[in-house]
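According to Swiss-Prot, the protein carries these features:
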BINDING   Gln86, Gly104, Glu105, Gly106, Lys107, Thr108, Asp493  ATP binding site
REGION    517-536  region 'Disordered'
REGION    789-838  region 'Disordered'
COMPBIAS  801-819  compositional bias 'Basic and acidic residues'
BINDING   Cys824, Cys826, Cys835, Cys836  Zn(2+) binding site
Amino acid sequence: MLGLLKKVVGDPSQRQLKKNQKIADQVEALSDEMKSLSDDGLRQKTEEFKKRYKNGESLDDLLPEAYAVVREAATRVLNMTPYPVQILGAIALHQGNIAEMKTGEGKTLVGTMPVYLNALAGKGVHVVTVNDYLARRDSEQMGAMFEFLGLTVGLNVPGLSKEEKKEAYQADITYGTNNEFGFDYLRDNMVLYKEQMVQRSLNFALVDEVDSILIDEARTPLIISGSVERSTKLYSQANSFVRVLKNEEDYTLDEKTKSVQLTEEGVNKAERAFNIDNLFDQRHVQLLHHINQAMKAHVVMHRDADYVVENGEIVIVDQFTGRLMKGRRYSDGLHQAIEAKEGLQIQRESMTLASITFQNYFRMYQKLAGMTGTAKTEEEEFRNIYGMDVMVIPTNKPVIRDDRPDLIFKTMDAKFKAVVNEIEELYKKGQPVLVGTVSVETSELVSTLLKKRRIPHHVLNAKNHEKEAEIIENAGHRGAVTIATNMAGRGTDIKLGEGVRELGGLHVLGTERHESRRIDNQLRGRSGRQGDPGSSQFYLSMEDELMRRFGSDNMRAMMDKLGMEEDQPIESKLVSRAVETAQKRVEGNNFDARKQILQYDDVMREQREIIYKQRMEVLESDNLREIVEKMILSVIERNVQLHTPESEVPEDWDYGAIVNFMKANLLNEDDLTEKDIWGKDPEEIVEIIYDKVIERYNKKEEEFTPEHMREFEKVIMLRTVDRKWMNHIDQMDQLRQGIHLRAYGQNDPLREYRFEGFEMFEAMVASIEEEVAMYVMKAQVQQNLQREKVAEGQAVQPKPTDGDSKAKRQPVRKKETVGRNEPCPCGSGKKYKNCCGQ
């Protein structure tokens with residue numbers, strides 16, 4: 001249908017290409033003018049462009065001249081002059097599109113033009129590559145040209161200090177990997193001081209190998225995780241303390257809200273038991289939290305009603321169905337508190353402190369562009385999800401590679417025997433061969449078979465990027481045999497050695513069709529670069545996964561009918577077309593899966609953006625008092641509303657519960673009595689309580705000075721938001737894991753996830769307000785306030801995917817360690833080495 005439509009109305013990307021051709025002609029027309037300039041004259045053009053941009057000229061206006069300047073600078077510094085087709089590619093990139101350019105057509109050089117142009121705006125440009133080696137290589141090679149033109153270049157790789165990272169991001173152009181850019185965004189939203197942030201706002205990103213990052217890796221979440229509860233001791237201690245408390249005397253239970261609160265006597269007992277002066281002090285946040293959870297475990301949660309003990313583990317009981325919910329855990333430390341209550345082993349939990357998928361990270365840039373050799377097959381996905389069109393840029397010289405039809409064998413053994421025979425024949429002839437495999441196992445199998453025949457070869461499975469580039473560079477030399485998984489060696493060209501052209505160039509031999517046509521096209525594209533000779537062919541068997549899944553029975557029956565031998569292949573265009581149809585079907589399924597995941601991720605994205613925006617406001621604000629007062633008012637209104645329902649007569653309202661709550665959270669023991677609020681309507685009750693709380697707030701501020709109070713509010717706000725947000729991420733993860741089961745009850749899982757996720761978010765916001773209000777009113781203000789991280793994040797760099805499509809994508813995790821002399825993340829106030837680090 002799409003093909004027919006294009007025939008009638010024409011391909012829009014081709015129409016755009018024609019428009020861009022006119023701009024490219026303007027760039028070329030300026031060539032002589034730029035050649036006549038001295039090096040200094042060329043460099044001064046950068047300052048001239050910056051001034052013109054500030055005076056109102058758009059980047060589009062500057063494009064022809066700017067590209068002509070880069071073209072001339074590339075000739076002088078890199079000894080490379082971009083071809084007319086490369087200028088076309090560069091124009092498509094500036095327009096926020098994807099330039100599909102065949103291997104060897106100089107994508108890296110093409111990228112320099114839009115990068116230079118967009119850097120003139122002074123808002124920063126990120127050049128994103130798939131690995132550190134390519135980022136380093138490109139920043140050095142292309143960086144020399146940018147520096148010649150007076151722009152600064154930064155390199156963002158793992159292991160840099162905050163200062164080094166900040167410097168890299170302050171540069172006009174920053175090179176780095178997708179993982180590192182994503183992790184820095186997450187870490188910036190966990191800082192305690194605005195000065196600790198390293199990234200600027202996300203302006204323009206140019207993504208190299210865009211299909212790999214935005215499609216293959218799209219579902220991979222970047223996760224910063226940390227062990228929040230480093231010690232399980234506090235759970236046991238809180239449990240022992242709570243066991244001896246008496247109802248009404250030491251704590252009160254609100255039946256409606258199922259919340260438990262310590263009375264004044266209970267607080268005194270806790271301070272004596274733990275030998276501390278003030279339970280509400282900032283240093284004892286963790287202790288108070290553990291006591292509250294232990295009380296909830298003992299008073300609110302009942303064995304065999306809310307949970308059961310099975311095989312030494314706490315299993316939650318679903319309150320609606322009565323079914324056991326294995327694998328689910330209560331959040332916020334309640335699960336560990338119940339484990340302590342029941343005398344079971346207390347599990348340490350690693351929590352997600354922050355996470356984001358590449359899809360959502362890259363969609364935050366003002367403008368996004370990408371380059372790859374293969375994107376047209378995924379055009380619909382790029383357009384729907386990222387709003388980017390794919391422009392197929394013509395090659396500088398026609399491709400003369402001979403793409404032969406697939407060879408199909410009955411069995412895998414017969415296929416591999418034929419593969420090795422072919423390699424041996426080509427090796428004897430001296431023609432270089434690149435053997436493409438779908439998985440590491442296959443590459444090792446082919447390697448073993450070649451060793452038996454004593455054929456020297458190199459195996460590449462993306463374990464060493466530096467060595468990988470060297471092997472790939474030599475893969476076009478006479479007699480070279482290279483086995484590579486599909487992803488290995490992307491971004492490095494295979495140049496033909498001496499005398500290889502006469503032998504037919506590089507031969508690419510695929511041992512299996514990938515479920516994505518794009519990956520097969522990438523493998524083919526390794527040969528026949530820039531008009532070089534070359535050939536490619538895929539060897540398949542009826543036992544390959546793709547063939548097994550899609551209609552190989554008919555073909556096998558046909559082979560049997562023809563009485564074909566095991567090692568006798570079918571070579572047929574018809575078969576190749578059938579395989580391609582199967583691939584299209586798989587690609588469609590994968591696209592649907594990614595789209596669905598994105599819909600779920602969007603729920604979390606909206607929530608994350610709200611929290612991060614508010615967190616930023618807290619960091620930037622000098623006075624949070626107004627926000628805290630609003631939070632206090634919300635807390636009072638909610639509690640009063642709960643205990644003064646319209647459905648009851650005022651005589652039945654629970655005034656006692658209101659007074660107990662206010663004493664426990666906002667006021668002193670003598671500040672409020674039931675008599676003060678008896679007979680008043682809810683609005684009056686709220687007003688009376690609010691006035692009393694603000695009076696206490698003012699006294700506190702006089703006592704500790706406004707300056708200390710402002711920092712104190714900030715410390716409490718950041719700590720509370722971070723801890724509650726972490727728990728919320730955890731709860732949302734748990735909700736998502738079980739949500740698909742709702743489909744059995746004729747409910748739409750996505751709608752349910754949105755609805756429940758929103759309810760959970762609202763509950764989290766209410767919980768943040770309650771905790772901030774309580775600590776501001778109850779905690780002592782310390783003179784030497786320190787903002788402390790709620791938990792130490794941890795990061796693990798992802799392992800290369802090796803092109804193994806069968807390997808399940810693992811989340812990318814980042815871990816960060818605690819210094820021995822730093823404050824312990826558990827919140828005890830001691831140094832790490834004297835506390836949890838013993």
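Glycine is no exception: its Cβ is also placed from the backbone N, Cα and C atoms.
Remember, predicted model here, so these are calculated numbers, not experimental data.
Locations of recorded Swiss-Prot features on the structure.
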{"residue": "Gln86", "record": "ATP binding site", "CB count, 10 Å": "27"}
{"residue": "Glu105", "record": "ATP binding site", "CB count, 10 Å": "25"}
{"residue": "Gly106", "record": "ATP binding site", "CB count, 10 Å": "20"}
{"residue": "Lys107", "record": "ATP binding site", "CB count, 10 Å": "24"}
{"residue": "Thr108", "record": "ATP binding site", "CB count, 10 Å": "19"}
{"residue": "Asp493", "record": "ATP binding site", "CB count, 10 Å": "19"}
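Under DSSP, the residues of the region 'Disordered' (517-536) split into helix, strand and coil as follows: 11 helix, 3 strand, 6 coil. Long-range contacts of the region 'Disordered' (517-536) within the same chain, counting only residues at least 6 positions beyond its ends with a Cβ under 8 Å from a Cβ of the stretch, are 102-105, 211, 373-375, 377-378, 395-404, 434, 436, 486, 489-490, 493-496, 501, 504-510, 580, 583-584, 587, 803, 805.
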